[in-house]
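A.B. asks: This is the structure I want to talk about, given as structure tokens.
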Amino acid sequence: MSPQTETKAGVGFKAGVKEYKLTYYTPEYETKDTDILAAFRVTPQPGVPPEERGDAVAAESSTGTWTTVWTDGLTSLDRYKGRCYHIEPVPGEEDQFIAYVAYPLDLFEEGSVTNMFTSIVGNVFGFKALRALRLEDLRIPVAYVKTFQGPPHGIQVERDKLNKYGRPLLGCTIKPKLGLSAKNYGRAVYECLRGGLDFTKDDENVNSQPFMRWRDRFLFCAEAIYKSQAETGEIKGHYLNATAGTCEEMIKRAVFARELGVPIVMHDYLTGGFTANTSLSHYCRDNGLLLHIHRAMHAVIDRQKNHGMHFRVLAKALRMSGGDHIHSGTVVGKLEGERDITLGFVDLLRDDYIEQDRSRGIYFTQDWVSLPGVLPVASRGIHVWHMPALTEIFGDDSVLQFGGGTLGHPWGNAPGAVANRVALEACVKARNEGRDLAAEGGEIIREACKWSP
């Protein structure tokens, strides 16, 4: 054996299993401005101390494996390892705790949400030492934020493109979601836009099915957009769903939308994937298209309170990957605590700088620097009588999206759109006059009904 390859017994590498806490639990660690910070809700198996599971999360989501390997000696684990630097109990939950983990920035590819999630929420979620694991929040450092393009255009550029200011935007999802022919679909789009809405929307299920191929839908919707624009003098749009089975097909549909001259396309970013979403976002910025994002499949990931990811993490990821709108749900009729949590991630979508506020579910201060903001889309079972609350809660920088709340009007689609627009303008006017929308909302809507055509 040559001197270069000879291994001497008892010298150098020592095989065996090390306890994670000896390497990855570092309560004395002071986080760096360049670290990605994560807050995990950990539910360990019975009898396992918190620090032994917090360090396991840090290890399994960074450089760790189940045993010591000789190639550990070929790199600097202290430079690249994740560190569990703080553990705190969850109030009211005896068997849960929050583990805070810091990841060095060099662990992640620049501008790739896909790579970031592959590490942080990869195999560790199947770790058998844990009963459940939930990622509650991430702090994205400025150094990493600056590697992302973010939304194609952002809130201010969208308002400038549409020439619409001082109020929320109005939308409507065309129903029934499946089964209409392209021509009948386009007719419904026209009626809603002509009645006063700013946007109509493809349902997330609508791609290119036998009853309505995508190219036919795009053509009839473009006709509806141009006809309603000519009659109202306002810029209109329809969220043309470009989601497809391949990235190439998705971009082909976006190219056709651009050739038609329409202002906006749509993508299902979770089912489509972050790589596809970022590719489409880059195309939209380069070609002047707005990008509406639907969150189909989010409840599979975020519904369980002790496992998966909170939606605020998915919202941050979308702002990085790129989208001008994203569905955020509504808070109408919800408990006050849920309202605060929802508005916490709405601020994470819109604002440049958000302070830590645990009462609103914000675990870390987040600085987005120059990354454009995203308009939250309030949808799901809302109607005209919710307008005062929606206007007060979401403010001007939002999209209020009514499906059945428009198309379910007893007089038809266009009167439903008129009702939405009249109610919105009445609420904005009342708010600007200093009236209390929470206390006087019903009266404001009834007054608008009285004088509405």
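Using N, Cα and C of the backbone, Cβ positions are placed for all residues, glycine too.
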A.B. asks: Of His86, His325, His327, which does Swiss-Prot put in the substrate site with Asn123, Thr173, Lys177, Arg295, Ser379?
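C.D. replies: So, going by the record in Swiss-Prot, that would be His327.
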A.B. asks: Starting from the Cα of Lys201 (Mg(2+) binding site), work out which of the binding-site residues (Thr173, His327, Ser379) are within 10 Å.
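C.D. replies: Correct set: Thr173.
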A.B. asks: Identify which of the binding-site residues Asn123, Thr173 has its Cβ surrounded by the largest number of other Cβ atoms within 10 Å, counting every protein chain shown.
C.D. replies: Thr173
A.B. asks: Per DSSP, to which secondary structure element type does Arg295 (substrate binding site) belong, with helix, strand and coil as the options?
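C.D. replies: It is coil.
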A.B. asks: Say we define neighbours as other CB atoms within 10 Å of the CB. Which of the binding-site residues Asp203, Glu204 has the fewest?
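C.D. replies: Relative to the other binding-site residues in Asp203, Glu204, Asp203 has the fewest Cβ atoms within 10 Å.
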A.B. asks: Lys177 (substrate binding site): which of the recorded positions Asp203, Glu204, His294 is the nearest Cα neighbour?
C.D. replies: Asp203
